[in-house]
Amino acid sequence: SMASPALLMRVVASAYSVAEKAAAIVRNVMAAGDLGIVEKTGANDLQTKADRLAQMSICASLARKFPKVTIIGEEDLSNNDITEELIEDGYCEEILKKTCPAQYTGIKEEELVIWVDPLDGTKEYTEGLLDHVTVLIGIAYGGKAIAGVINQPYYNYEAGADAVLGRTIWGVLGIGAFGFQLTEAPAGKHIIVTTRSHSSTLVNDCISALNPDTVIRVGGAGNKIIQLIEGKASAYVFASPGCKKWDTCAPEAILHAVGGKITDIHGNSFQYNKEVKHMNSAGVLATLRNYDYYASRIPNNVKQSLVP
């Protein structure tokens, strides 16, 4: 008989189905028209009914299947009575069929930390910039992002009324990443993707120092990593605190699974153990290729301004 799939593959296969359910929730809230917007720390830090319901669905669904896993979500929610319609019980069969990398076969539930951003790009969501929005589920082991799922609920939304909306990208270190076409940015072009709603003098000074051919300003960390792996941008640069562990965990796993690199502005790796502080206070630098080119050009005043 076939051995049952390793825990990691079951978690990723479940996260895939759970992310699809969350994406349906995000689309349904938008379609119903009442976003239920709440300001958290200000006008650029919003929470909607979609953030709340999607997080409840993701966390409750994963906790029911994997009760000893630590799950950390962006939204501070009381454990309200979770209605059964929020629970997703499925698995992605394609993922269950993949062989778990040997170094991850012995993982126990209590050794995993799952970082959840139920709706990355909330501000853009409220403004109708729907292609910026992602659902992020990142899986960490030994403090390292090792697997991730990024769902784009509105992928293809400009393709007409009968287009199938949404897609799910997933990856595991040692297996690769799937659900998109890996493409490198044009050679010799410096196309920087950066923040849309959290700009500052420091952010802009850092970008200028890289002498970019083009600067793309979009919402969402998940969206920015997709720009890198699909060859639309050559570097993601954010010289500011503000990005959190749930923004970077899933994207990092997918980027690393295809040979890319993400660090803070100083070149330090992100840590994802459950005790770690949530803020990535020293910014973000990520590339699919040519990381050293960009890292070597980050100005010293920018580095001195951002303390890890």
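Heads up, the Cβ atoms here are built off N, Cα and C, so glycines get one too.
What TrEMBL says about a protein is an automatic prediction, not a curated fact.
Residues annotated as Mg(2+) binding site in TrEMBL: GLU74, ASP117, LEU119, ASP120, ASP247.
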* To do: List, in sequence order, the residues of the same chain other than GLU74, ASP117, LEU119, ASP120, ASP247 whose Cβ lies within 8 Å of the centroid of the Cβ atoms of the recorded Mg(2+) site.
  => ASP51, VAL116, PRO118, GLY121, THR122, THR134, VAL135, LEU136, GLY220, ALA221, GLY222, LYS244, TRP246
* Structure fact -> Comparing local Cβ density (other Cβ atoms within 10 Å) for the binding-site residues GLU74, ASP117, ASP120, ASP247 points to ASP117
* Structure fact -> Cβ neighbour count (10 Å, all chains) around LEU119 (Mg(2+) binding site) is 30
